[in-house]
């Protein structure tokens with residue numbers, strides 16, 4: 001018997017490409033569940049920092065990942081029942097999550113945790129390997145990107161609005177380093193799926209980006225599908 005899976009939209013892309021914002025809006029519009037895969041890695045990074053585990057101690061990190069009690073509800077991230085949504089949006093968390101995301105065993109452990117979140121009426125998943133590794137069978141795949149200077153400015157504005165004191169030059173350096181690490185890792189590098197729609201939103205605002213993706217959604221699923 002063939003089991004029909006819930007519909008999936010994947011939105012992949014590099015740091016600060018806007019994929020998280022777009023994925024959240026689309027999931028709200030469709031009434032589908034949202035998977036921010038980056039938040040899972042960030043939650044693990046948060047647990048590592050608070051457990052005083054070295055980022056080079058991958059044996060301990062893999063054990064911690066296997067026992068990670070994480071849940072996502074209405075876009076909020078919970079670790080062991082505590083809401084850590086705001087605590088995982090720092091540059092330190094970004095740095096640690098980037099390092100651990102390069103480890104094959106960590107990604108393999110967290111793969112099942114991500115797939116377990118798939119349920120009806122559908123799932124919008126954003127990350128870096130949603131369309132290539134986690135949900136290669138997704139019906140609609142988007143690869144969202146933008147010029148690095150645009151992405152650095154977006155991340156700078158985001159952090160400033162949250163009250164952080166940051167330097168745009170260091171942010172751009174961090175993004176460039178993250179891009180290189182994502183592209184060069186042996187397992188699950190950051191690349192568009194062969195059947196992904198590649199969208200450069202360097203000169204597009206949120207509404208324009210959203211409009212293009214929703215048109216693709218209607219073409220794929222039909223205008224009345226929800």
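Sequential numbering from 1, following the chain as shown.
In case you wondered, yes, glycine gets a Cβ from its N, Cα and C as well.
What TrEMBL says about this one:
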type	residues	note
BINDING	13, 14, 15, 16, 17, 18, 19, 20, 21	ATP binding site
DOMAIN	9-218	domain 'Cytidylate kinase'
Report the residues of the chain - excluding 13, 14, 15, 16, 17, 18, 19, 20, 21 - with C-beta within 8 Å of the mean position of the site's C-beta atoms, for the recorded ATP site, in sequence order.
126, 144, 146, 151, 154
Arithmetic mean of per-residue pLDDT over the domain 'Cytidylate kinase' (9-218):
92
Looking at the binding-site residues 15, 17, 21, which one has the fewest other Cβ atoms within 10 Å of its own Cβ?
21
Check the DSSP secondary structure of residue 21 (ATP binding site), expressed as helix, strand or coil.
helix
What's the number of neighbouring CB atoms sitting within 10 A of the CB on residue 19 (ATP binding site)?
28
Any same-chain residues 6+ apart from residue 13 (ATP binding site) with CB under 8 Å of its CB? Would you list them in sequence order, or say none?
19, 128, 142, 143, 144, 145
